[in-house]
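Peer 1: Mind looking over this structure? Questions follow.
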Amino acid sequence: MDDRNEIPQDGPASMEPEGVIESTWHEVYDNFDDMNLREELLRGIYGYGFEKPSAIQQRAIIPCVRGRDVIAQAQSGTGKTATFSIAILQQIDTSIRECQALILAPTRELATQIQRVVMALGEYMKVHSHACIGGTNVREDARILESGCHVVVGTPGRVYDMINRKVLRTQYIKLFVLDEADEMLSRGFKDQIQDVFKMLPPDVQVILLSATMPPDVLEVSRCFMRDPVSILVKKEELTLEGIKQFYVNVKQENWKLGTLCDLYDTLSITQSVIFCNTRRKVDQLTQEMSIHNFTVSAMHGDMEQRDREVIMKQFRSGSSRVLITTDLLARGIDVQQVSLVINYDLPSNRENYIHRIGRGGRFGRKGVAINFITDDDRRILKDIEQFYHTTIEEMPANIADLI
């Protein structure tokens, strides 16, 4: 059985998180060679740029490889995707052209990214993996799945559809991974996940991963799992180290645009992400920034899948430097060069705050998060500070020196 987690695009030079690890699994492996992994998988790991396992990888890969159900919680950017990807690749039998591992992710972008990681780590293994996501051609999806893929990564709706059509065969699946479990088990996906789960073999191994795991999610997850190993980062450590957090007082909503333009006139920014709470606001802000001669890209869930992929590609390559988006991007998308995250709107759900600001400091990279605060937002800001045991200070005049 296998397990798999989220891995960034560059090597893990500074991957060791500062966070406190609590674990019911006490074996710790501080290098990949001691994990008794396949030779061709090790080649893929080192070829991908990894030198040593991160804290979560040191603890979670082996119980996953040994077939245990695992609840793993770690900060965004600590190598979660690699954790379950490595465990999956260690366990699959590539001589059987059937789906042996099924990974669900909350967004198409995250599913696509995970699939890329599996293919990269499994480069020397003749592994077949497919991203089964909405917004793509159903017939083509069905054709690829019918021909057999060892690892399928997808969004819940499309995966359920493909199982129903009998083109995604489930009888060989030995591992079921839920990435970003808090989001996946939230109201929107809970029923779909349960529908998929019911169609899997009864002895399937289950892995749940997320940056945040509220008690109710842990409770729900236990319905799926047998005697799971828990590997958790203490909640107060979850605000990412290396991210400087500030707020800017903006008296009224309609003053935000001027404040944003002033910021961009002042700062020299490699790349930045601006979060708004609604798709409409994303479109509106994109239009207003363009009128003020700022070059920006926008992405949200109303867009065609092809358009979203083009925008993400441009942003990853650096040809687009400012991306305005909703929480669609907040979960798990690796964009390595992001130096600044701006919460144009504070997230309506405090759980999303860490997913948003985690965009700026993956793998120990330094980053700055700036929150625009109206008078109505003060209570929400206070709530976020208390929830994460953190302090968000007023933005200093020398902000340019910090980015």
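Cβ atoms here come from the backbone N, Cα and C positions, even for glycine.
Summarising the annotation, Swiss-Prot assigns ATP binding site to Ala74, Gln75, Ser76, Gly77, Thr78, Gly79, Lys80, Thr81. Under the heading domain 'Helicase ATP-binding', Swiss-Prot lists 61-231. The domain 'Helicase C-terminal' feature in Swiss-Prot is assigned to 242-403; the stated evidence is sequence analysis. What Swiss-Prot records for 1-20 is region 'Disordered'. The motif 'Q motif' annotation in Swiss-Prot covers 30-58. Taken from Swiss-Prot, the feature motif 'DEAD box' covers 179-182.
What does the local environment look like for each feature on the list?
Peer 2: In the three-state DSSP assignment, the secondary structure recorded for Thr81 (ATP binding site) is helix. Around the Cβ of Thr81 (ATP binding site), a 10 Å sphere holds 27 further Cβ atoms from the protein chains shown.
Mean model confidence of the domain 'Helicase C-terminal' (242-403) amounts to 84 (pLDDT, 0 to 100 scale).
In terms of DSSP helix, strand and coil, the motif 'DEAD box' (179-182) has 2 helix, 1 strand, 1 coil.
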Peer 1: How does the motif 'Q motif' (30-58) divide up by DSSP, counting helix, then strand, then coil residues?
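Peer 2: Tallying H, G and I as helix, E and B as strand, the rest coil: 17 helix, 0 strand, 12 coil.
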